[in-house]
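What TrEMBL says about this protein:
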- 23-62: domain 'EGF-like' (DOMAIN)
- Cys31-Cys48: disulfide bond (DISULFID)
- 67-287: domain 'Laminin G' (DOMAIN)
Amino acid sequence: MTRWIYMKIVKKSEKKGISETCDTRCTPDYCQNGAKCYEDFITGMPFCRCAFPDVHSGLNCEIDINSNSSVSFHGGFLKFDDLNTVLKAPIYFSFRTDRTHALLFFAHDQNNNFLQVHLSEEVNVTLTLNNVNIVSQCTVRAQPGTEFGDMRWIQVAISHDSKSSQLQVDDAACTIRSPRILSELPISRLLAVYNSEIIRMPVGLAAAINPDPYTFTFVGNVDVGAKTNDGSFILAPKYESPIPRFYGCLRGLQIDRKLIDMREKTEQLETSEMYDAYGPLQVKVGCEVGCSSISCANGGHCSVAWTNTDPSAVKTTCDCSRTSYSGATCSLDEGVHLEKNGYIKFDISKEMSRIFVERNGKTPQLLKFAFSSGNVEELEDKAVLASVTFKDRRKLEVEINPNRTINVAITYENGKADVLNFIGDFLDGYRHFVVIQTNQASATAVMVDSLRQDFEYREYDRNIDMFSAELVQIGDQFSETEGYNKYGFEGCISNFVIDYQRGSALTYRPIAYFANQNHHLGSLVESWNVIQGGCAAFELPNSLPVYQNRVKFPVWETDFNRFVYRGEIETKEDSGDNNDWHTEDSGS
């Protein structure tokens, strides 16, 4: 009887626009270019909402200003002098690169008002601009486990309103909460610069009083006065840039809702004096760089030899720097399994003593390795993964704690230490990745998986530097006779690299020398209780692990009761304790 009444109601309801089913009309390929599909329940038809309405249009968001507009930068730049509204107008472009640090976009006018977009640390895109004489910036950081320097196309949008300026990078955004105000007089001093990386505009480019108006827009780099190939010297205003030039591709440049034809501008360079002076074209039409011809494993990405002009040379390789793997396709895992007191010692000081290298304050050194634990229920005490002893008696140590977190410590010659703690379960049996960046001119930075922390910056000669390293050690050994009470890590460590970022001649791999005693650096390696073998894989393949929330909520055994309040409401004049509370069983 009940079913009959229900069916009768449904049949009557169909006449009022109610259906027994809920079929979706949003098929996976209905909307394009990252647009989201929605269904209009009145018309019964799907519709698309474009991710970037000024970039994509059409019924299915299929019209894309990025199409057939790409150019590739091989050390050069494009300069425009007719984009007069660029400093306050909406700006759109997308880029792809394999670089970690690069200038993407810079514009300024005769009064030194400017707008700048640059990439740093391969995971940050920063918008920097002035509002009158105050410099402001905001940064969009890549999602954990991803980066902006992996040769994917990254969409960038810049906009301004009466209260703020916004930077959007793919699905993330940041805001400068100040109105965009341009100075009407020449700016002679910019404030709130601090450690910001800002292009320095040429002094004297315009008259100090009532300068003639102009606006210059640069894409890919600014004119820093590069050396010519024909022995000439071009007399032109030169910019000072603390940011490296852009190597990569850029497309879909739209300013003030006007598409800028970068390909036409690029073709004009072939007939300019720039081509005669600097040789082979440094900006080219298109972005066919050969990445489709290679396949990189474990999250590695294509890397391009942008400055190689040899047509017969192979210009693409796999960049494995953020994968914790190595080899031509990022699939090599050169590792060792250590027993509880196992270790490998590498006397790096003997190798470095025979090499003369001029230190560069801008180029950091890297120490990186992967590790995975066995079936470890708990640790009795801290276990040392790796350590570096320096000539001045300072020491860098990476340890796993009994609570399964990681400590990275710098111990100074006076016995005091700075410690960073990374929260997570690092004894879960999966692969984890440690990267430590040292440089005398900057604070030591540490990244464990996708977590980053920096030590406090000290004076120039007080920040640790791998050029002063004496002994590098993987694992450790407990010693009662020497009074050393730390155990080594019991598990696997692989692809241990000390990289001075000066080419392969200054890149050291102690595990490779342990595996091949005939290597010319094999004599600098000492080992104990170590066997060869690879480590486990990441929990999520092809990406670095993200932050692990290890909070465990306690079982709540409270006997809940309902409290019924009877009494007068307390006022400011009456603060006496005359209230009366009663309890009742709450029931259920």
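Each residue, glycine too, has its Cβ placed from N, Cα and C.
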- Task: Take the Cβ of Cys31 (disulfide bond) and count every other Cβ within 10 Å, whichever protein chain it belongs to.
- Result: 23
- Message: Taking only same-chain residues 6+ apart in sequence, whose CB is under 8 Å from that of Cys48 (disulfide bond), what do you get?
- Response: Tyr30, Cys31, Gln32, Ala35, Lys36, Cys37, Tyr38, Leu59, Asn60, Cys61
- Message: For a three-state summary based on DSSP, what are the helix, strand and coil counts in the domain 'EGF-like' (23-62)?
- Response: 0 helix, 12 strand, 28 coil
- The average per-residue pLDDT within the domain 'EGF-like' (23-62) comes out at 89
